[in-house]
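Some notes on the structure that comes next.
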């Protein structure tokens with residue numbers, strides 16, 4: 001009697017598992033990507049829809065929904081390789097699609113990241129497929145645009161926003177991403193941005209301030225009274241944002257190792273500390289704690305730790321190795 005063939009999934013050499021692929025790193029990076037995506041959808045969508053007046057809730061939520069979808073399509077069509085591809089200028093990569101199967105199933109690599117370390121030439125080459133890196137970096141690009149949206153909630157037409165998103169992504173975000181993370185001139189100078197303090201938070205903050213200036217101030221009646229329309233939903237969105245930040249900072253090392261563990265712990269300690277300090281200050285100066293103040297404190301801690309979340313306690317990680 002002939003022996004039945006062994007199913008592909010149980011064979012020793014799986015066609016979809018090349019020698020360079022590390023299943024642990026790949027699984028963690030996809031998990032981290034999902035966590036960062038959840039920060040935007042539905043995290044910031046819920047926060048924005050609940051923190052503004054009721055008449056602006058749907059428009060604010062739709063701005064997030066549209067931005068997430070538009071950034072993804074622009075990212076895979078041209079923007080990913082403008083940020084992480086071959087160099088065109090010292091601050092910009094050559095735009096090209098990131099959709100071909102041959103490109104996506106190959107090993108992830110940032111071609112312009114080659115640099116010298118202790119006399120050795122090193123290039124950023126994580127142990128997973130390029131498709132994983134493309135999606136992970138997309139979630140960062142998407143949340144950057146969505147954070148920017150917070151500065152114009154309730155005062156920007158959705159049609160104007162639809163035109164703004166792809167243009168800003170292409171001509172602003174990709175410049176900062178390539179310069180710092182993609183091997184551009186700042187990367188080669190040794191500038192370190194662990195997980196987006198400059199590429200994400202500074203760029204979205206400056207762009208948001210500029211956008212708010214040109215869009216103009218809100219009506220006087222809106223500025224005098226601007227209560228959130230649903231505090232409980234705002235807290236739910238803030239919770240999703242906090243938990244998602246573990247993927248934000250924990251996925252930045254491109255691997256599941258000690259630096260990612262330290263980054264996740266540092267991230268949560270910073271958020272909790274900032275939240276408690278802000279709450280205590282509310283009690284000291286205003287006589288009672290504030291839910292909105294606590295959320296602001298939490299987000300302040302998360303933003304402040306991001307540029308160096310995996311850089312702190314480096315001696316501890318060395319001794320552990």
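The backbone N, Cα and C atoms fix where each Cβ goes, and this holds for glycine too.
As stated in TrEMBL, the feature transmembrane segment covers range 127-149 out of the listed 104-126, 127-149. When TrEMBL is compared with the stretches 198-216, 293-311, the one noted as transmembrane segment is 198-216. Between the transmembrane segment (254-278) and the transmembrane segment (198-216) there are fewer than 3 Cβ pairs closer than 8 Å, counting only residues 6 or more apart in sequence, so the two stretches are not in contact. Under the criterion of 3 or more C-beta pairs below 8 Å, with sequence separation of 6 or more, the transmembrane segment (27-51) and the transmembrane segment (127-149) qualify as touching. By the Cβ criterion (under 8 Å, sequence separation of 6 or more), the transmembrane segment (198-216) is in contact with the transmembrane segment (127-149), since 3+ such pairs are found. Distant neighbours of the transmembrane segment (127-149): 20-22, 25-26, 29-30, 32-33, 36-37, 39-40, 44, 48, 60, 63-64, 67-68, 71-72, 75-76, 79-80, 83-84, 98, 103-110, 161, 165, 168-169, 173, 177, 196, 199-201, 203-205, 207-208, 211, 248, 251, 254-255; these residues of the same chain sit at least 6 beyond its ends, with a Cβ under 8 Å from one of its Cβ atoms.
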